[in-house]
Amino acid sequence: MSINFKELANKYQTPYYVYDFDHITAQYNELKGAFKARKSLVAYAVKANSNLSVIKHLASLGAGADCVSIGEVKRALKVGIAPYKIIFSGVGKIDSEIKEALELGILMINVESDAELQRVEAIAKELDVVARISIRVNPNIDPKTHPYISTGLHENKFGVDIDTAKRMYIQCKNSENLDPQGIHCHIGSQLTELEPIKESVKIVADLVRNLKAIKIELSFMDIGGGLGIVYDDEKLIDTNEYAQSVLETMFGLDITIICEPGRFLVGNCGTFVTKVLYEKVNGNKRFVIVDGAMNDLIRPSLYNAYHKIEVLNDNKEFSDCNLVGPVCESGDFFAKNIDLPKTEHNDLIAIYSAGAYGFTMASNYNTRGKVAEIAVENGVDRLIRKRETFEDLIALEEEFLK
Ligand code: LLP
């Protein structure tokens, strides 16, 4: 469906994020459908876009939630995701988070180290509860993606190696306060090759079978997220092939598949819209300066990530430029050396594929309020987060002024 960016700019001002909820529905249904041969749970990786209305929309479709902080867990619960569909991962959970997660009765705490397992056991004991856990296995597989979003190699901080995992499961079996329910593995994000996923899932499934042989029977196999999307001209993993190759590894196992996509569900459903303030030329370098900046969408600055960019005017006079924001950093750019048409003050620019890791990675750097977020569903737009005001930004400081 096409969204009228100009109308939205008139109504809500710029910059803004807009999300196409019908597209999110289609993405969810595609993935859920691919796993229809088995019991499955699509646990949305809330970190990708944690706007309450986005999570609620996915919840209404049947999604669970993959969370990396107790804040994300509470967001999921707030919009009605049942505790039994919520997983809590992360390499550095705080005691208070573990305690709260246990009290809230979520599906599983996904444990990422031996030391963490000891903390979870001790806290569960204090509370006199049994902690349902899964263990994140690090299969030492190169996912062939950007090093910052690669997580499945031993050199990355995530999960534990297979031998450690085995020992931890045995400890769980012998503990009154630990109930090993699942196993987890996530090797990276924006994956465009199926082979590394296949390899890692196979390693995990083999471990599940080994554990079964020693009477440790798991109910859930969480294959992580990571499915890539098209930003530029990437060739994607086919979701049916993906599901098929996961299911193939699971022979002899009666286990529910969990996957935890973030980007796949929301990435291409979101657009960041900003408007032109000025053009200028320094020497012979042309700059187009817009009202959005790295604090709103940091992926280009942080990962040199490519986002497709379109100037919404009819000008045919293209030339090379850098598209930059007002923040006081040379790293504040959306694109460098890009061919864009000549622009006028107030022309709109759409930056596509910004639904995942866009708003959630935004900051208030330079005392810039976070932008508005808008949903479009069945052709109808609505505000789902107000633009932050100056008063919002100083609210937690003001009372301390001497
Ligand atoms: N599960 C776990 C354990 C994760 O760490 C992640 C992402 C996901 C699931 C969801 O991954 P996805 O399906 O969205 O690829 N800020 C980076 C991406 C960081 C991903 C962190 N973990 C970016 O903008 O590309």
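Positions of Cβ are set from backbone N, Cα and C atoms, glycine also.
Site annotation (TrEMBL): substrate is bound by R299, Y303, E329, Y357, and the candidate from R263, R382, R385, R387 recorded at this site is R263. G226 is the only one of G226, G292, G325, G331 that TrEMBL places in the pyridoxal 5'-phosphate site (with E260, P261, G262, R263, Y357).
The local packing around E260 (pyridoxal 5'-phosphate binding site), expressed as other Cβ atoms within 10 Å of its Cβ over all shown chains, amounts to 29. In this structure, E260 are the recorded positions from E260, C328, E329 whose C-beta falls under 6 Å of some atom of ligand 1. Cα to Cα, P261 (pyridoxal 5'-phosphate binding site) and R299 (substrate binding site) are separated by 18 Å. The CA atom of G226 (pyridoxal 5'-phosphate binding site) is located 12 Å away from the CA atom of K47 (N6-(pyridoxal phosphate)lysine). Counting only the Cα atoms, the space from E260 (pyridoxal 5'-phosphate binding site) to K47 (N6-(pyridoxal phosphate)lysine) is about 11 angstrom.
Of all the recorded positions listed here (K47, G262, R263, Y357), Y357 has the Cα closest to the Cα of Y303 (substrate binding site).
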